[in-house]
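In case it helps, TrEMBL gives these features for our protein:
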type: TRANSMEM; residues: 48-68; note: transmembrane segment
type: TRANSMEM; residues: 80-103; note: transmembrane segment
type: TRANSMEM; residues: 139-160; note: transmembrane segment
type: TRANSMEM; residues: 187-205; note: transmembrane segment
type: TRANSMEM; residues: 246-268; note: transmembrane segment
type: TRANSMEM; residues: 280-298; note: transmembrane segment
type: TRANSMEM; residues: 406-423; note: transmembrane segment
Amino acid sequence: MEDERQSFLSKHRAISGYIAHEGLELKNFDACLKWVFVDQSNVWRTGISWSIFFVLAIGVPLVSHFLLSCSDCDENHSRPYHIVSQLSLSLFSVLAFISLSCWTRKYGLRRFLFLDKLYDASEKVRHGYKQQFQNSMKLLCMIVFPCFAAECLYKIWWYVSGATELPYYGNIYLSNTILCTLELCSWLYRTTIFFLVCVLFRLICHLQILRLENFAQVFQKETEVELILMEHLKIRRNLRLMSHRFRLFILLSLIMVTASQLISLVMVTRSSAHVNIFKAGELALCSISLVISLFICLRSATKITHKAQSITGLAAKWHVCATIQSFDYTESETPMAPISSAQVFPFGADIESEDDEAAEDDDLDNTRLVPIYTQTISFQKRQALVKYLENNRAGITVFGFTVDRMWLHSIFAIQLALLLWLLNKTIG
């Protein structure tokens with residue numbers, strides 16, 4: 001009775017600490033949303049959020065394009081690729097802003113970040129998610145600030161070097177300063193919005209990876225098949241929810257980035273194009289930003305799919321080891337170890353010691369043999385579990401297509417075909 005009471009109190013303290021930490025992380029995330037003006041917690045903030053969105057994502061690029069149109073400027077200030085770069089950033093920011101607004105309004109912060117699924121998770125998963133939450137905000141700053149610094153250098157050079165040629169209104173210095181500031185604010189706002197969505201997708205994927213790595217531990221201890229099945233069903237449900245929430249964003253991002261890069265390629269490879277860092281610098285920075293954001297999403301989705309599908313191999317290895325050990329037990333003439341103790345193959349250590357890369361293996365995809373509890377789970381149950389995992393592979397899907405390495409290879413092949421076709425039309 002006393003042990004149960006202590007266990008209940010320790011669990012209660014852990015959950016209380018988790019809830020307190022969850023509240024702190026939600027405050028930090030809410031502050032991040034306020035910083036990028038995506039906070040729509042009430043009508044007043046919603047109006048401000050959409051007003052700033054229309055001004056910085058749509059209004060400023062349109063105004064700067066028409067007000068700074070200069071047919072008499074030199075080649076370095078003619079901005080032939082301005083429409084493509086600004087349209088790409090604006091369309092991507094529109095997609096990210098609408099998606100983030102719908103997610104936070106429909107699900108709320110706790111459900112959107114899957115914090116409500118952590119109440120029954122282990123302390124290791126909670127601590128790992130806490131670390132990933134902090135690292136995600138650092139990653140966002142590490143990506144946005146260098147790109148913004150490069151954009152600042154380019155814009156300042158563009159306005160300073162072309163001060164006497166560019167159109168101005170009223171005082172030349174005040175006009176250029178205001179226009180430059182507005183353009184930089186617009187660029188920072190748009191890039192931060194779509195990078196934020198990609199980083200949040202990466203964060204949620206890391207949570208499921210932590211749960212998968214924790215789930216892999218069930219094959220290292222005495223566990224019933226029913227418990228393994230229930231935990232795997234929870235993970236599959238979470239991955240299905242993630243797929244339904246992000247599938248449209250991933251698909252449209254892939255289409256928009258591909259179209260943007262192909263259009264940019266056509267413009268810079270045509271016979272009349274004169275490309276240099278001064279004329280195409282902004283286009284190059286825009287392309288780098290979009291490709292990085294897409295890379296974050298696809299890499300995160302592919303990684304979690306690979307981890308989820310590695311469960312099948314781990315379960316099959318566990319089943320094989322248990323089956324072989326059971327035959328050794330029945331054919332042996334000497335008494336075996338007690339049933340409740342874990343048993344491993346004696347050559348497992350040799351396999352690990354001979355492999356120089358064994359230390360780099362994780363709990364899901366490794367070459368190590370697993371401890372065996374021969375008599376605790378029957379052969380039929382183990383076989384049924386392996387069959388279930390083989391026919392119910394988990395992972396991130398986009399409208400039924402699993403985002404795995406094969407899917408990425410197919411996308412790369414299609415894009416390569418389009419690239420070669422366009423090069424044949426422009427250069428060939």
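The backbone N, Cα and C atoms fix where each Cβ goes, glycine too.
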With pairs restricted to those 6 or more apart in sequence, evaluate whether the transmembrane segment (406-423) and the transmembrane segment (246-268) have 3+ C-beta pairs under 8 Å.
yes
What same-chain residues lie close to the transmembrane segment (280-298): Cβ under 8 Å, and 6 or more beyond its ends?
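Apart from its flanks, the transmembrane segment (280-298) reaches 79, 81-82, 84-85, 88-89, 92, 143, 147, 150-151, 154, 191, 194-195, 198-199, 201-202, 246, 249-250, 253-254, 256-257, 260-261, 264, 268, 403, 408.
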Between the transmembrane segment (48-68) and the transmembrane segment (187-205), are there at least three Cβ pairs closer than 8 Å, leaving out pairs fewer than 6 positions apart?
yes
